[in-house]
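Engineer: First the structure, which I've put down as structure tokens, then a few questions once you've had a look.
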Amino acid sequence: MQEGVSIYLVSDSNVDTAENIASIAAAHFDTFIEKIKKYSYVGDINQIEDIVMEAANDSNSIIIHTMVVKELKEYLQKKAQKFGIKIVDVMGPVIDAIEDSTGISPHTELLRDSKEDYLKKIEVIEFAVKYDDGKDPMGILLADVVVIGVSRTSKTPLCMYLAHKYIKAANLPLVPEIDPPRELFEINPKKIFGLTIDPEVLVKIRKERLKSLGLNDNALYATEERVKKEIQYAEEVMQKLGCTVIDVTNKAVEETANIILNVLRGGEST
């Protein structure tokens, strides 16, 4: 039986480059990939020690790395060779060629900036999850953007998309039977974006949602009367708030997000 291979992806910045190259290379073989381990932002020899020791415990492992910091790269190379582990430097030859041609040494400030960007993105994504669907009204006060609207207007994916643009976004469903939290009326309405939609389109979306859950699609939730009632109520709330209203009918999440980003930059919503 052909032995599987374990791949260890290591980087002192984001590991995506190593992962992409490894995936493309592996596609040329019928090799069984037993496991893939990823290590981003490796910044000291203790981390390298742990990674190499783990790889050494696998009978057939490969370390693929994009290390730039010279001391760490050399240490990784040395430790891997000591344990007889195959190691591939996919970034080094390119950096060396540029350095030889220009006489300029690579700088590592970008690694720090990249890590800070990564941590910031994780922070805003966690924010979007924590304050999704009105879970905690405190999120309304802390958010850069608050998205409101009836159910199935893509509030959650919109907030996640905005999070990837480093924007802390919370969202809140508007339901006729439940008064909006007072926090919604305490913040600057310029931070609030109301989503509305054509009732007929929303009815279809909700019916499909019910079917996907194995439920009867003639439930009150997906009736035209109920949908119109919810949208009317939501638009009344938006009018009271004086917030920006976006019609998301047949709009992709990216398109709606770009409208919001444009407004935040001082542009128009249309």
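Note: Cβ is positioned from N, Cα and C throughout, glycine not excepted.
Features from Swiss-Prot:
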| type | residues | note |
| --- | --- | --- |
| BINDING | Gly149, Val150, Ser151, Arg152, Thr153, Ser154, Lys155, Thr156 | ADP binding site |
Engineer: Including all protein chains shown, what's the count of other C-beta atoms within 10 A of the C-beta of Ser154 (ADP binding site)?
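Structural biologist: Other Cβ atoms found within 10 Å: 20.
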Engineer: To which of the binding-site residues Gly149, Val150, Arg152, Thr153, Lys155 does the lowest count of other Cβ atoms within 10 Å belong?
Structural biologist: Arg152
Engineer: Counting every protein chain present, what is the number of Cβ atoms, excluding its own, within 10 Å of the Cβ of Ser151 (ADP binding site)?
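Structural biologist: Other Cβ atoms found within 10 Å: 17.
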Engineer: Report the same-chain neighbours of Thr156 (ADP binding site): residues 6+ apart in sequence with Cβ closer than 8 Å to its Cβ, ordered by sequence.
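Structural biologist: Correct list: Ala128, Asp132, Asp133, Asn171.
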Engineer: Translate the DSSP assignment of Val150 (ADP binding site) into the three-state scheme.
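Structural biologist: Note: Val150 (ADP binding site) is coil by DSSP, not helix or strand.
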